[in-house]
Structures are given as structure tokens and as C-alpha cells.
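Colleague: This is the structure I have questions about; it appears just below.
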Amino acid sequence: MNIPPGQWRLDVMIMALYQMALFFSAQLVFVIFLEYMPKTYCNTERHCYKLESKCLEDYDRNKPNICLVPNGSKSQFDECVEDNKYLYFKSAQYDYQQDCTSLTHYSASTNMYLGVLFANLVLGILADKLGRRPIYFASIAIGVVSLVLSAAIPSLTAFYIFRFTTGVGVAGAQIVGWSYGSEMISAKRRFQLRTFSNWANARILVVFVAFITREWHTASYLCAAISALIFPILWKLPESPVFLEQKHKVEEANEAREQIADLCGLKYEQKEAATINNLKKITFMDMWRNKRLRKNFLVLCFMSVSVYIDLELWFYVGMTTYITDLNGADMSKNLYVGQFLSGLLLTISKIIFGFAEPRFEWLGRRTVFLFSQGVAILAYILILIALFTDSKETTWYLIVYLCAYSFQALSTETCYLSVAELIPTDVRVTVAAITNICLRLGTIVASLTKPLKFSFEPGLFLINLVVCSVGITVVYLYLEESRNANLQDVGQDEVSDSSDSQAMLADENSKVSSGDTAATEGENTEAEATTGTSEAEVESGEGTKSKVA
């Protein structure tokens, strides 16, 4: 069978690779199953009761057995006992009861989110220094091995340690994996990389794994086995040529592009070395000094009004998404129905946007964010109405909750796309790491709000409503549109402008200096000034030369 040649071959491989990476990073959602506890439980004496928390022993022993019904038959009692002790999923919380120990305020989800946070501090810098591919490979390897060991060693301590290090793989998949994928895929399919290969597909697959295994040890092993499919795909692919060219590694970049051409069945045309060498290296401080790049960075990290200091964009998106997600286990009576439906609706919405984006020029990053966030805010208002009117068990509550989660999660696509399209290549993964740290801080805060679920549930969605209202305002005012950006050119003009300005200032100073000494040194000073000017022109490039002239 002959496969038609074309760039699409590489794009399909990148989408498959990124989907597998997202599946592994969906361990962030698997904590819902790790911490799952039933609403009711029956002890060995067949005394059935409603759980007051996630602890099996946390119930009022003076309350009557909920299965003892006046004039009820034995068969009815037996059926009631079976129904109330049924476990949809045997979780780590069920086995270890860690929330009933001194770890009550340090849950499995908080532990893993801290692992991701720690890894973000390291992986971003390493990927910008050593390369995308080796750091991607190493982080996923650490994550997969840790995932297996967290289930294989029957110890609560080992469970917490290896779930923490599983976060290294999750961070690698999210920041290094996304940067690698966005640099490798063609620009016209960059949005599809976040819509066709999406978090919702990964979530559905994780829920399916939980559904067929019904037990957290086996589910962990199966998740690790599926995630290992990343390795053969990544082994076949080269390092990102965009990264190599930005580092002025001309020969390696040409080899990578030649390998990509072979994969696509296309003729390779070598890129001129001069074109690559003209690319300016941009440090974090270069980005910080430039007004526009600094604004882009701070808008991605912070929600601000007049000064760039307030609430973090990624922080607020992470917090609101995970508050909705982590507290949605009981959105439906059946654990799996709610989780499957939330993933399905999100998948459908992302695919619709993925097909629509190439056809409508106006459907940019800002539009997607503002629309999805607006729908989520409306859904939070309806959720609050349902909670205050005791309508939680209704079908319309389930539908509204699904919309709240799906559209809140859809807004994260703008976050990832904007990091890739607004931040220069030299610091792209570092900035992605910083923004992901903001996201992780948001998820950690979200995991700490879980006690509100049992004390004042509307408080969760009041938080979301207030924070999202501020966030949508800031994005409307400050976020730049970045659709179809050439990733290699990001920041090049801004840094060039900065260099031009510095060169002009140096040239003016040299002229002033030469003017001061002209009275005493005559023609020799004039020659020195001319030499200084030509040196400034050479250093700052063609743009400076034209301005000086």
C-alpha cells in the first residue's frame, strides 16, 4: 500500500505523540479515582450508613441502619445492603484511608500537583538548554516507571513518593511535549494539535481504563503500558529543527529537516546557513527588557488592570477548571456516566472548533477564550441556582455542570497556544514552565478547597464566578491575537528594535564625545568617530545601518 507523501505524515505522527502525552498527563484527572469514596457504606455487621467524609469510620453510630425500613422484607433488606456497599471503583483512599490520618490536609492530588510544580521548575530550563527531545524522553521515562512503582509497592509512603515523581512525567508531557509538538507541526495545523489531539480524549481513555479495571493498581499498570507508546514514536522523530536553528546548530538542523523530509516522502531542500545564523538569540532578560514581549509574558502569567500585578491567568484557569473537575465525581449518580459525558462533550466542542478554525479567519485565540469563558460563567450562575434551590439531582444540573467543565477546560487551549505563539523560541519552554507553575498553583489551591464540598458547596462556584469575571475582563483588554504566527520569527523584530535603539544611542554618544575632543585632536578624532559608527553598524545589523545613515 502506497501512502501519499506530504507534510501531513509528520503532522499525524505529532498528533499521535501528543495525544499519548496527554493521556499520561491525564493522571492529573485519575486522582479523582484514586480519592474516590462511595456515598454510603455497609460494615461487616451489615449496618449501612451515609459517609460524612471520605473515612469509612466517619458516621454517627446512633443513627439507624438506612436499610432498615418499617415493614420491609428480608429480600428488600439484602438488596439494599448490596446496593449501598457497591463500589464503582476500589481506590487508594479506600485501601489506605490516608485522608483519615495526619495526611488529611495533604491529599494524593495535592501531592501529585506539587510533583508537577517541582518538575516545572527544572524541565523548562533544561529543555531550552539541552533540547526538547532528550528532556521529553527522560521525563516520560521517569513518569512511567514511577507510575508502575506507585501501585506495585504496597506502602502509603511509597505511594506518595512515586505519585510525586509521576508528576515529572506529567510536567514533561505538558510543557516540553507541547513545545516540541508546536514547533514540529505545520502552522496551519497547530490549532488542531490542541483540538483533535486533546485532553478530553485522554480523559475518556483514562475513565475507560478505570471502568474496565475497577481497581487502582491494575488501572495504574494499564495506564503506564499505554503511555509507553510514546517511546517508539519519539524515537523515530528528530530534535526540533526550530530549536536547533535558534541555537545556530546548522548541520544538526539540516540533518533533522532531512529526516523529516524522508518521513514525509518529500525532496529535501537544504536551508541556507546565512538564514539560520541571522536568527538572534533571545535570553529571558532580552524578553523582559522589551515592552511588548514583557507584556505578552505578564498577560499570560498575570491578570492585571493597570499595572501587571494581580491574579495569574494560568493560575485562575487552573484553579477554576480543577475546582469544577475535582468536585464533579457526584455530578451523576453513576461515577462513570458523569466522567464519560464530561470528556465526550469536551471532545465534541474541541473538534468542532478544530474544524471551524481554518475556515473562519475571525476565530482566533481571543475569540475562543472569550466565548468559552463566557459560557462557563453563565453555567456557574446556573449551578449556584441549582445548589441554592436543592436541584442537584436533576438532569438539567448534570447538563449545566458538563457545560461548565467543558467550556472552562476549552479556555486552556488559548493558554497553551498563546505561550507557543507569543514567546520567543530561546525561552519558550522556560516561560511554558513558569506559566505551568501558575497553573499548578491554581490546581493546588483547587485541591485545598475540597472541604467546601461538605461544608458549603456553593462557595466553590462563587469562587469560580468571581475569579472568571475578573479573568475574562483582563484577557479582553490585554491578550494579543497570535493566530498563524511563525514561531521562529517570534521576538526577532522586537529584539532587533531594541538592538537598533541601543546602537543609535551608542552612536550619538560617540558623536558627542568626538565633538568634545575635536577642538584638540582635529582630523584624527573625526576618523575615530567614523570607525566607531561603522562598528556600531556591524554589530547591530542592517536595521541599525539604515537608521544611522
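Glycine is treated like the rest: Cβ placed from N, Cα and C.
Nobody curates TrEMBL annotations by hand; they come from automatic prediction.
For reference, TrEMBL lists these features for the protein:
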- 12-34: transmembrane segment (TRANSMEM)
- 14-483: domain 'Major facilitator superfamily (MFS) profile' (DOMAIN)
- 112-128: transmembrane segment (TRANSMEM)
- 135-153: transmembrane segment (TRANSMEM)
- 159-181: transmembrane segment (TRANSMEM)
- 297-316: transmembrane segment (TRANSMEM)
- 336-356: transmembrane segment (TRANSMEM)
- 368-389: transmembrane segment (TRANSMEM)
- 395-417: transmembrane segment (TRANSMEM)
- 429-448: transmembrane segment (TRANSMEM)
- 460-479: transmembrane segment (TRANSMEM)
- 489-549: region 'Disordered' (REGION)
- 515-535: compositional bias 'Low complexity' (COMPBIAS)
Colleague: Please determine whether the transmembrane segment (368-389) and the transmembrane segment (112-128) are in contact (criterion: at least three Cβ-Cβ distances under 8 Å, sequence separation 6 or more).
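Modeller: Since fewer than 3 Cβ pairs under 8 Å link them, the transmembrane segment (368-389) and the transmembrane segment (112-128) do not come into contact.
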Colleague: Given a Cβ distance threshold of under 8 angstroms, which distant residues of the chain, six or more beyond its ends, lie next to the transmembrane segment (135-153)?
Modeller: 21, 24, 27, 119, 123, 126-127, 159, 161-163, 165-173, 176-177, 180, 216-217, 220-221, 223-224, 227-228, 230-231, 234
Colleague: Check the domain 'Major facilitator superfamily (MFS) profile' (14-483) for me and report the mean pLDDT.
Modeller: 80
